[in-house]
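Asks: Per TrEMBL, the feature Zn(2+) binding site maps to 64, 66, 212, 300. Sequence annotations record features per position, and here TrEMBL assigns substrate binding site to 93, 185, 215, 300. As annotated by TrEMBL, domain 'Amidohydrolase-related' applies to 55-401.
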Ligand SMILES: C[C@H]1O[C@@H](n2cnc3c(N)ncnc32)[C@H](O)[C@@H]1O
Ligand SMILES: [Zn+2]
């Protein structure tokens, strides 16, 4: 007898090269793993999840965020990145406590679970608290301590020590739901020497690296002044790039940079809403995909988005590529859906992002019984262009039901909302003191 069977749903497998759709199918789950995907099964299970009227699909993977920044949702809007970070966000972050991070991350987990994200990639501070929140919520996450040293030698040692301590403590924990990584913030906030040290350490520890790269034109200019080359060439020169790197943003790329990223198998997290809101620019996603690079999708933090809805992110990603290339065939729905599922899972090195025998049981069910979801010709089209996060009925992570038929089972929803609101209020008071 299996643990769970999802039945009666319209299944979208997203299995690379063998994408299949069943109008009525069954997914069998045992010990957190998908054991069978068919039209009918002989198997029985403890829990039967009726997905009647729903699309059963892989949970969405958010490959770049700062979860606890939910506390800064709407705190400093409509500013350019450098001013936003230096004058508003960093001073406020300096006042963050462990308790803030825990509550802010739980709020983020709640929002993600409710809007169909089953795994997220996070870089932030006080990361033990983020990990504890992930452990509690039941979601899956890749976590890194955000290291910033601005070329300061003492700071470099301390930052790497903390990054390393976090990796040792959390990698593979929470029933394997937590993957730890190193998180050097960016090529213009970390020195070349430090980035090299970090990458060496990550290789030694066998873990991945999460970094912001070429988000703004300012970074490009600073790098050219400092090193006589852009961030991509600088990082390539120090042998930083391989398939164990997740580079967020990658907006200001030359054709030569694209070639390097594709050849080295670097994973690129595209974050269109944040890039549009901060007016950072438009990442060349079409060119990156055509060159064979693995491009995935992220929301960035709630101070620059201002939500964690990956459905919104998918639609905006598609629309932005179309209007920027003036080509309506650019980034079609199926391609965006891959970015948000299989490509994201590949980037984070987790066996998910698809509904296939042997994959992790990270699955969501999206409601088709809504006015804006009818008629129904093509699942991918509806998921990208019509749906939003509020249409997710059921979320399963590691074979466990975190939300079923819109009811959150893994936490007390009102309590989380209340605690995070109180924490944010206290925090802003401390910031303004
Ligand atoms: C981990 C660090 O990254 C910062 N951070 C949040 N959003 C962005 C962004 N779009 N670009 C660069 N840094 C960012 C956080 O505010 C924190 O200081
Ligand atoms: Zn970011």
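Using N, Cα and C of the backbone, Cβ positions are placed for all residues, glycine too.
Where the annotation comes from TrEMBL, it is an automatic prediction and has not been curated.
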Asks: Here are the binding-site residues: 93, 215, 300. Which has the lowest count of other Cβ atoms within 10 Å?
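Replies: 93, out of the binding-site residues 93, 215, 300, has the fewest neighbouring Cβ atoms within 10 Å.
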Asks: As a check: which entries in 64, 66, 215, the binding-site residues, place their Cβ less than 6 Å from an atom of ligand 1?
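Replies: The binding-site residues passing the 6 Å Cβ test are 66, 215.
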Asks: For the binding-site residues 93, 215, 300, which residues place their CB under 6 A from an atom of ligand 2?
Replies: 300
Asks: Please report how many Å separate the Cα atom of residue 212 (Zn(2+) binding site) from that of residue 185 (substrate binding site), as a whole number.
Replies: 6
Asks: Between residue 300 (Zn(2+) binding site) and residue 93 (substrate binding site), how far is it from one CA atom to the other, in Å?
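Replies: One finds 16 Å between the Cα atoms of these residues.
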Asks: Fewest other CB within 10 angstroms, which one of the binding-site residues 66, 185, 212?
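Replies: Relative to the other binding-site residues in 66, 185, 212, 185 has the fewest Cβ atoms within 10 Å.
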Asks: Return the average pLDDT for the domain 'Amidohydrolase-related' (55-401) as a whole number.
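Replies: Per the prediction, mean pLDDT sits at 98 for the domain 'Amidohydrolase-related' (55-401).
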Asks: So which other residues, same chain and not among 64, 66, 212, 300, have a Cβ within 8 Å of the centroid of the Cβ atoms at the Zn(2+) site?
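Replies: Apart from the listed residues, the neighbours are 65, 123, 248, 249, 269, 271, 274, 298, 301, 304.
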Asks: Could you give the maximum C-alpha to C-alpha distance in Å for the residues 93, 185, 215, 300 that bind substrate per the record?
Replies: 20
Asks: Hey, how far is residue 93 (substrate binding site) from residue 64 (Zn(2+) binding site), Cα to Cα, in Å?
Replies: 18
Asks: Compute the C-alpha separation of residue 66 (Zn(2+) binding site) from residue 185 (substrate binding site), stating it in Å without decimals.
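Replies: Rounded to the nearest whole number, the Cα-Cα distance is 12 Å.
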Asks: Rounded to the nearest angstrom, how far is the Cα of residue 185 (substrate binding site) from the Cα of residue 64 (Zn(2+) binding site)?
Replies: 12
Asks: DSSP secondary structure for residue 215 (substrate binding site), reduced to helix/strand/coil, please.
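Replies: Residue 215 (substrate binding site) sits in coil per DSSP, no helix or strand.
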